[in-house]
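Quick look at what TrEMBL annotates:
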type: BINDING; residues: Gly25, Thr26, Ser27, Leu28, Asp29, Gly30, Leu31, Asp32; note: ATP binding site
Amino acid sequence: MNANLTRLVASAQKPSRRIIGLMSGTSLDGLDVALCRCEGHGPATRVQVEQFRTVPYTDAIRQEIRRVFARREVELQHLTLLNAWLGRLHGHLVLDCLAEWNIEPGAVDAIASHGQTVFHAPRHQHGLPDWPDATLQLGDGDHLAVQTGILTISDFRQKHVAAGGQGAPLAVYGDYLIFSQPGEDRLLLNLGGIANFTYLPGSLAAPDVFSTDTGPGNTLLDAFVRMYYPTQEYDEGGALAAQGTVHPALLAQLLAHPFFAEELPKTTGPELFNPDYVRAAQARTATGHLSPLDLLATLTEFSAAGVALAVERAFGAQRPFWAYASGGGMHNPVLMAALQRRLPQCRFATTEALGIAPDAKEAVLFAILANETLAGEPMPIGAGQQRVPAVALGKISFPG
Ligand SMILES: Nc1ncnc2c1ncn2[C@@H]1O[C@H](COP(=O)(O)OP(=O)(O)OP(=O)(O)O)[C@@H](O)[C@H]1O
Ligand SMILES: CC(=O)N[C@H]1[C@@H]2OC[C@@H](O2)[C@@H](O)[C@@H]1O[C@H](C)C(=O)O
């Protein structure tokens, strides 16, 4: 047998594995690196986060990604170069983190790399009836594996699409394994660039588990903050939105897109929710004159409204939940207050209360996905209409 396969089988048979989860989301704020100890697999999975760091992206890195990010037309050479360049960059950043933590690469079983989404194209968004759902993440796993000498599992979203999903959200698999609690209906709410939630029934009925994007989280806020306040990357503490007033007609127009009326689960991205989308809604409502502060207040309310609409659509307006937040948006009190006002039946906490630091959560979930790819069985959750395919996700790259 090939020596790589022998090592792979040995790793899959271990009672516990050390896996580095990597996530760089749509906000382009940096690479989240979570060193996890994953014990067991399936519902018996136990995860302990041994180390976590967000390595911030420099402006130069962000600029290179933005040349292709969510753009319908790009320079093909740049896209090609970026795939290898990001793979190497992520490999370097992993090695830097390991050196800082005093851990040898040989002490790590695997890297679970999400890669950088550069274009997300579910059918409802590209609108081309003869073409499938599709999504593209860059930062090829082979580069990470060779750079670090660590087995790498990457490109998790393609199998999801191939097996009938939209390529997202994937958090549902890990959420189900580590956050399900008998007797408590839970929502795991991630407020990243795009917002999404996973529903975990207290009955533990696997077929009912599902996950959906709800619309923008921070992506529009970030884009307009950068536009109006070039020295800032985001609305720190919601300080700007807090000084503005929500414009009801613009808010209604922003919510008029068919995305919000569509069946759950669904997925989206900045390909749809971008400044052009907002400008078009402003043109339709003659609100082009709105001050930056009022616009940010309206966009913050828009994000909260998207989440509330999806929750109501799925469960009605009455059903109580514990909602455990994660993602950068939970640091924005204006957004959190709007959510609480629109979902009075929910009680809010963060995943800290469940033992996982909210900023680390997505990176940890990819480590868990890789752990399942190595040692688990496909999970029978969200069967059928919920579009959560029961398949092992990710591609395996050997270091040699
Ligand atoms: N202190 C803060 N106050 C307000 N907003 C914040 C704060 N900290 C982070 N954010 C917001 O969170 C964003 C980063 O969130 P996160 O890292 O969860 O996004 P992501 O993982 O890139 O997104 P996605 O989950 O869509 O892929 C920032 O761009 C900013 O908008
Ligand atoms: C295509 C893509 O990268 N989608 C991301 C993005 O960020 C949030 C939301 O949009 C979610 O659908 C997904 O990420 C998380 C980790 C997921 O798949 O669960």
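Heads up, the Cβ atoms here are built off N, Cα and C, so glycines get one too.
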Helix, strand or coil at Leu31 (ATP binding site) [DSSP, three-state]: strand
Output field, ATP shell: CB within 8 Å of site CB centroid, site Gly25, Thr26, Ser27, Leu28, Asp29, Gly30, Leu31, Asp32 dropped: Met23, Ser24, Thr54, Tyr57, Gly192, Gly193
Distant-in-sequence Cβ neighbours of Asp32 (ATP binding site), under 8 Å, six or more positions away: Gly21, Leu22, Met23, Ser24, Gly25, Phe52, Arg53, Thr54, Asp359, Ala360, Glu362, Ala363
Fewest other Cβ within 10 angstroms of its own Cβ, chosen from the binding-site residues Gly25, Gly30: Gly30
Sequence-ordered binding-site residues from Gly25, Thr26, Gly30 with Cβ under 6 Å of an atom of ligand 1: Gly25, Thr26
For Thr26 (ATP binding site), the number of other Cβ atoms found within 10 Å of its own Cβ: 22
Fewest other Cβ within 10 angstroms of its own Cβ, chosen from the binding-site residues Leu28, Leu31: Leu28
Sequence-ordered binding-site residues from Gly25, Thr26, Ser27, Gly30, Leu31, Asp32 with Cβ under 6 Å of an atom of ligand 2: Gly25, Thr26
